[in-house]
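Here is the structure we will look at.
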Amino acid sequence: MAHIDAGKTTTTERILFYTGKKYKLGNVDDGTATMDWMDQEKERGITITSAATTCFWRKHRINIIDTPGHVDFTVEVERSLRVLDGAIAVFDAQAGVEPQSETVWRQANKYHVPRIAFINKMDKTGADFNAAVQSMVDRLFANPVPLQIPIGAESEFDGVIDLVKMKAIRWYDPDGTEYGYEEIPDELLERAEEAHEDLITHVAEFDEEIMELYLAGEPIPEERLKKAIRKGTLANQIVPVLCGSAFKNRGVQPLLDAIVDYLPAPTDLPPVKGIDPDTQEEIDVRPDENDPFVGMAFKIMVDPHVGKVTFVRVYSGSLTKGSYVVNCNKGIKERVSRLLFMHANQREEIDYIRAGDIVAMVGMKNTMTGETIVADGTRKVLLEKIEFPEPVISIAIEAASKNELPKLSKALQALTEEDPSLKTFVDPETNETILSGMGELHLEVVVERIKREFNVNLRVGHPQVSYRETVKQEATAEGKYIRQSGGRGQYGHVVLKIEPSKDGISFEDKTAGGVIPKEFISAIEAGVKEAALSGVLAGYPMVNLKISLLDGSYHEVDSSEMAFKIAASMAFRDACRKAKPTLLEPIMSVELTSPEEYLGDLIADLNSRRARIEGFENKAGLRIVKAHVPLSELFGYATVVRSLSQGRATHVIQFSHYAEVPEKVAEKILGS
Ligand SMILES: Nc1nc2c(ncn2[C@@H]2O[C@H](COP(=O)(O)OP(=O)(O)OP(=O)(O)O)[C@@H](O)[C@H]2O)c(=O)[nH]1
């Protein structure tokens with residue numbers, strides 16, 4: 001995981017090369033990287049989807065997911081961190097911690113994922129190992145502990161010093177396959193000894209035995225030190241730091257050693273908590289092959305050769321191909337016809353999987369990302385869902401001719417199944433198909449895929465902001481849906497209160513004494529939630545509402561779920577109109593990095609975009625500006641930054657929060 005361009009894909013490629021899964025070195029720059037298999041990834045030189053792959057090192061199986069660095073594809077990072085047990089955070093030795101690394105670091109914190117840091121690009125001009133490590137402290141509040149220091153930097157970079165073994169490691173051929181341990185060069189001995197002592201004092205903070213040995217001035221055996229580093233890493237108390245240059249084939253084998261030595265095996269982890277969907281009781285899901293099978297689907301992909309595959313992390317038990325599983329979220333049975341290990345763009349058929357594996361399943365039809373599957377006939381378990389952010393930006397698309405409509409709908413179904421941050425719907429007013437996603441690049445990539453992979457000619461509108469609606473005060477309203485025109489009538493009657501809340505939409509039944517029979521309450525809730533999908537101001541989805549059902553009445557014969565649903569929707573819309581409805585817009589956090597001389601112009605420009613400047617920082621001779629800016633003001637921003645700074649400023653935009661649209665601006669949006 002890392003910021004865009006830190007070198008994740010290059011590092012992963014090297015790992016595949018040295019572990020023997022690939023016989024030729026692939027490069028991102030000439031489009032031969034195996035991990036970036038989608039055409040657009042090769043053309044754009046970025047990772048878009050995260051491919052899962054398996055390799056072996058020192059008799060350990062390592063499952064790797066190479067994640068994208070661009071903010072528009074954070075869902076890939078989110079789901080990968082949700083199912084992986086450890087992470088390598090790759091940093092650029094010259095740039096240090098960059099904005100997107102902060103985001104992924106927070107995501108890894110959320111899932112308590114132990115990490116190792118790899119300071120890559122030690123060969124690059126301006127590479128500075130110590131500054132990069134310090135930036136982990138300053139910007140990530142991490143506790144980095146170097147296990148290596150570099151020998152030289154920039155074009156002089158020539159290997160690393162292993163502070164655990166207290167040896168130098170040097171590589172002897174351009175491919176980096178031959179390497180060996182040597183004595184530490186004299187001129188670096190003093191620095192290495194200081195760094196070694198630093199390592200020990202760090203580890204001694206949480207390992208008493210090492211503290212005692214250290215205080216007594218006794219040598220600490222290598223194995224003992226490694227054990228302590230492993231303990232600290234697993235407990236997320238320290239982050240071991242290594243360095244190298246993936247591009248120049250230096251430093252990757254020790255990184256593989258560190259994965260084996262310091263990152264957890266599935267069996268090192270505490271049981272995962274699940275719940276029984278029927279009784280809501282908590283269940284411990286243990287990483288034990290002999291327990292019943294429990295797995296989580298975390299990615300759906302259409303593989304060009306095998307068709308639809310579902311990537312599953314196995315948390316417990318084992319499964320053979322051809323077995324039936326039960327999807328506990330949907331209560332349906334699915335058959336797993338084939339099991340595959342994916343090696344980037346190749347696949348290996350297997351018969352049997354077990355706890356800890358990450359595997360591609362073929363045959364499941366209805367299981368979606370984030371759903372739990374168990375072996376048929378065993379206890380049901382629900383694992384915690386994966387959270388995905390809401391899309392903030394939309395475009396209208398249209399098939400160029402009617403004949404292409406079936407292909408378009410097939411494309412949309414496949415792509416939304418694959419990508420939970422992509423939403424699509426038909427605008428009832430204009431009849432246009434709307435695609436909503438995380439950013440301009442995200443939607444651009446999706447549109448290209450529809451054109452190329454599904455062969456649909458498309459007309460594409462301009463990007464639009466996904467607004468939301470909410471209310472500013474409390475209001476109560478009544479909804480009656482009563483029809484008595486011969487035969488069986490309709491009778492639904494509810495009184496609802498709505499009020500602003502912090503997030504989401506919640507519904508509570510506050511009626512007592514059966515004024516409305518239980519079986520209609522869920523129809524009322526469904527009616528309210530459906531109505532909330534399009535707000536009363538301009539039809540945008542409503543958020544941040546608490547809805548209470550206060551009162552109502554029913555009719556012995558005429559009441560039906562449908563009648564209550566309609567009554568609820570009427571009451572809800574009426575209450576919203578009374579409760580000061582208001583428009584919300586997505587606010588993005590923008591981080592600009594620029595040489596001082598362009599700062600004035602860039603800030604003046606930001607101010608013209610309703611920006612709120614949050615602060616300034618200095619880093620490596622550059623100025624960093626942090627600001628909050630409404631998304632509607634940011635279309636085409638990249639071009640402006642480029643021209644105002646002669647291409648020398650860079651920026652990162654990511655979603656921050658929703659905020660009320662100022663009245664003047666809202667009038668314009670609603671009037672249009
Ligand atoms: N000098 C130098 N360049 C490197 C090194 N590693 C990677 N690069 C270059 O940095 C660029 C980005 O590398 P990638 O491996 O695509 O980076 P990434 O982190 O996977 O990028 P995204 O997937 O798009 O987020 C490419 O041009 C690489 O050749 C390195 O060790 N030294």
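Glycine is treated like the rest: Cβ placed from N, Cα and C.
What TrEMBL says about this one:
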DOMAIN    1-267  domain 'Tr-type G'
BINDING   2-9, 66-70, 120-123  GTP binding site
- Reading the DSSP string in three states, the entry for Lys8 (GTP binding site) is helix
- Note on the structure: Neighbour count check, CB within 10 A, over binding-site residues Lys8, His70; minimum at His70
- Across all protein chains shown, the binding-site residues Ala2, Met122 give the max Cβ-within-10 Å count at Met122
- Determine the mean pLDDT over the domain 'Tr-type G' (1-267), rounding to the nearest whole number. 89
- Query: Within 10 Å of the Cβ of Asp5 (GTP binding site), how many other Cβ atoms can be counted across all chains shown?
  - Reply: 19
- Message: Measuring Cβ to any atom of ligand 1 with a strict under-6 Å cutoff, which of the binding-site residues Ala2, Asp5, Lys8, Thr67, Met122 qualify?
- Response: Ala2, Asp5, Lys8
